[in-house]
Ligand SMILES: [Zn+2]
Ligand SMILES: [Zn+2]
């Protein structure tokens, strides 16, 4: 069957060994070139009169591209750091059409595409040429070859750095917050900065990394966030910093940590840095880690009230609708979170330590948010209570 079809094809078209072999590429394990040679030899014995049985350049299908792979590879000259790569090729439409036409005309059910063969051949050769690892996933870069257009493109995949941060001053948001009036273009309200706040944890942390890695952009993925006026103390909050299109991938994280901490002394501190895979971004965004908060309230609790609070908020489920103050930018839904323990202080009557699930809004747990949080400290005491100062003093370690 293979011989008969090959005879019919060659009677009409000139094909090189690669292209001849590839028309039956899914039949056996062998290189297409080798298969093409074998078919041609058999044909010489069985049907010696077949036209084009001796290959005469150029190949109708590939236009001899397989003879030019070395020239293509010579053009690959990346000026950035990477250890592994993947290859993609762009094949012109007229060549793909010819391939499709042969498949239909001669019923070539086992045909392999020219793109697959070129990807494979170029992948092997580029790996040897650059002494880098060819990978099908989690590769550092993708090399896009236009074999018929003498053009090479590079896609540099991002790097991901895990760490924890402490926020030591109030008044800065976690991430860059675009001006709500001009959406970042710059206007009179934001003083031409395009931002609501001059600084953010994101900017203070990522600037140096971005510069060092020579990336184009960065994203800061936090494991939850604290309000602008809330400190992040204790061992810190996990985050993943994503640097896009980095020219330098091998960063000295210890040194960068020290520099970031020196520049931002008294504001933001980072620790525990390490390189991670992309998957961790989703993981840290979706885990709700338990936390301990320290809150100052605007009323002085009696001993009786302290006792009441400690006894009541013991493994207690809290039903919380999205708070009034954020409902304009977050989905309005009811969440159920637990308060495990509330500890009052012997020394003063306005301090509370609250141990609870992540994702619980603490200011509303205290005030009740006009009945949107249930139960609440205000409701339990039967009076208005407000949180005036709030800090995260510990986040349970999970990632
Ligand atoms: Zn060919
Ligand atoms: Zn503005």
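Note: Cβ is positioned from N, Cα and C throughout, glycine not excepted.
So that you can see what the record holds, here are the features copied from TrEMBL:
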DOMAIN    71-145  domain 'Pus10 THUMP'
DOMAIN    160-396  domain 'Pus10-like C-terminal'
ACT_SITE  227  active site, nucleophile
BINDING   293, 361  substrate binding site
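Here the features listed in TrEMBL are placed on the structure.
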residue: 227; record: active site, nucleophile; contacts (Cβ under 8 Å, 6+ apart): 363, 390
residue: 293; record: substrate binding site; contacts (Cβ under 8 Å, 6+ apart): 353, 354, 356, 362, 390, 391, 392, 393
residue: 361; record: substrate binding site; contacts (Cβ under 8 Å, 6+ apart): 320, 323, 369, 373
Treating G and I as helix alongside H, and B as strand alongside E, what does DSSP give for the domain 'Pus10 THUMP' (71-145) in helix, strand and coil? 35 helix, 13 strand, 27 coil
Look up residue 361 (substrate binding site) in the DSSP assignment and report helix, strand or coil. coil
